[in-house]
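Features as listed in TrEMBL:
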type	residues	note
TRANSMEM	27-52	transmembrane segment
TRANSMEM	64-84	transmembrane segment
TRANSMEM	96-114	transmembrane segment
TRANSMEM	134-152	transmembrane segment
TRANSMEM	173-193	transmembrane segment
TRANSMEM	221-239	transmembrane segment
TRANSMEM	274-294	transmembrane segment
TRANSMEM	328-349	transmembrane segment
TRANSMEM	361-380	transmembrane segment
TRANSMEM	400-424	transmembrane segment
TRANSMEM	436-457	transmembrane segment
TRANSMEM	469-490	transmembrane segment
Amino acid sequence: MEKATNGAAALETQTAELAEPSPFRKIISVASIAAGVQFGWALQLSLLTPYVQLLGIPHKWASLIWLCGPVSGMLVQPVVGYHSDRCTSRFGRRRPFIVAGAGLVAVAVFLIGYAADIGHSMGDKLDKPPRTRAIAIFALGFWILDVANNTLQGPCRAFLADLSAGNAKKTRTANALFSFFMAVGNVLGYAAGSYKSLYKVVPFTLTESCNTYCANLKTCFFLSITLLLLVTFVSLCYVDEKQWTPEPTADGKASNVPFFGEIFGAFKELKRPMWMLLIVTALNWIAWFPFLLFDTDWMGREVYGGSSDATASKSAAKLYGDGVRAGAVGLMLNAIVLGFMSLGVEWIGRKMGGAKRLWGAVNFILAICLAMTVLVTKQAENHRRDHGGAKTGPPGSVTAGALTLFAVLGIPQAITFSIPFALASIFSTNSGAGQGLSLGVLNLAIVVPQMVVSVGGGPFDELFGGGNIPAFVLGAIAAAVSGVLALTVLPSPPPDAPAFKAGAMGFH
């Protein structure tokens, strides 16, 4: 285990050797890659449902497809983080993985967008769903996309930590900028996904086997991959990275600890600050995932009173679709607030007395918003009961209340997308692992809750009568607990001191 610790120390020494943080413009350039990545994710949220229905994917298969995110995150990010910490390529430690991730995203987008066409050419019958061959191509592309995004995002955040050269303030600012560009990508994705005639810009996307929904998805994905490749190319050409050379051990040989030995060593050597960060992060994401997975479904089902069941009436199906589109508007508002909030994270954190106080406070905002979904749902139900079913949807006041919740949730979301990752980069000094592996370990505290919610959310809701509200209430409780722990047991990082200097981790 001593070798593992020595190897980790060498990795952090490599970063510490950057005497001064890189210029702000270089940090902005690398952070902008998040816009290209998030553009594609926003498109999935806004366009994937009708595309899945077009392919005829059964519900039981769909749940397996959506599990690919947490499974790939649990396996890929620690592996990629470990190897990016030790990459000796002449192009640097992080840049080769970022390029590989961007290339895999391009492959995945092609497979997803052309799944219907490829399946039809392989023998799928358009009038006999499900289109099994297209489903297989789609599932393959979807898994590759999750692997690619995890290959891309982990090294990108680690690269930002490297460019910050251990300066705690620069690290927090870099992660806040990453969060801001995620918001930019969300806005672009939701805007593109809401434009129903975008396929006319690239008319060849509309084919016999690919209707307008599918053609719009193709066109939007073409735009997203163009943006991702552009910002990746510009950033990596503009920002250089030195080749990393492993330092020899006491016996004169380079330290070479196997991956599993290193990751288990990292867990064993984790100090109290990192353990507390993992616990608070896990509870925080238990709160987030029910809403992130079912937000538009909540709008269509509980707020608008519609149904997506195959046996639903046309009026119920229309109400559900109206609710989902209203949810998309809410996601747009959420992304706008997220973007503006991300720019003010550093300033607000100083005013509130530190990052952990800010994170703790916004977790209570998250808890209140999730609890308020109960009130909005009850108001919508009362309106339908008082108006004989209300086939025209909820009143404007109820819709406005729901959209307000979407917008306000952009505040805690900006903090969730920035502060935990900044703290992981700062705490990694004492964690027994490099930047990449530390961020990979933090990702485990995100994907394990996602797997729990993905597998257990549906049965849990059914246990309490169905609908999305039971999971939202559980999320509110988890958010409140994470807020308490963030304020009471999570150590505070130094406000401005470089994180790599001895004694700079003055916990209090």
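In case you wondered, yes, glycine gets a Cβ from its N, Cα and C as well.
All TrEMBL annotations are machine predictions without curation.
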Given pairs 6 or more apart, does the transmembrane segment (173-193) have at least three Cβ pairs under 8 Å with the transmembrane segment (96-114)?
no
The transmembrane segment (328-349) in contact with the transmembrane segment (96-114), cutoff 8 A, at least 3 CB pairs, sep 6+:
no
Residue numbers, six or more beyond the limits of the transmembrane segment (134-152), whose CB comes under 8 Å of its CB atoms
33, 37, 40-41, 55-57, 61, 65, 68-69, 72-73, 76-77, 80, 97-98, 100-105, 107-112, 114-116, 118-120, 124, 209, 443
Interface present between the transmembrane segment (96-114) and the transmembrane segment (469-490) (three or more C-beta pairs under 8 A)
no
Sequence-distant contacts of the transmembrane segment (361-380), meaning Cβ under 8 Å and at least 6 residues beyond its ends, amount to 284, 287-288, 290-291, 298, 302-305, 352, 394, 397-398, 401-402, 405, 408-409, 411-412, 415-416, 467-469, 472-473, 475-477, 479-480, 482-483, 486-487
State the residues, same chain only, that lie 6 or more residues beyond the ends of the transmembrane segment (274-294) and have a CB under 8 A from a CB inside it; answer 'none' if no residue qualifies.
66, 359, 363, 366-367, 370, 373, 409, 413, 416, 420, 423-424, 427-428, 430-431, 438, 441-442, 444-446, 448-450, 452-454, 457, 468, 471-472, 474-476, 478-479, 481-482, 485-486, 489-491
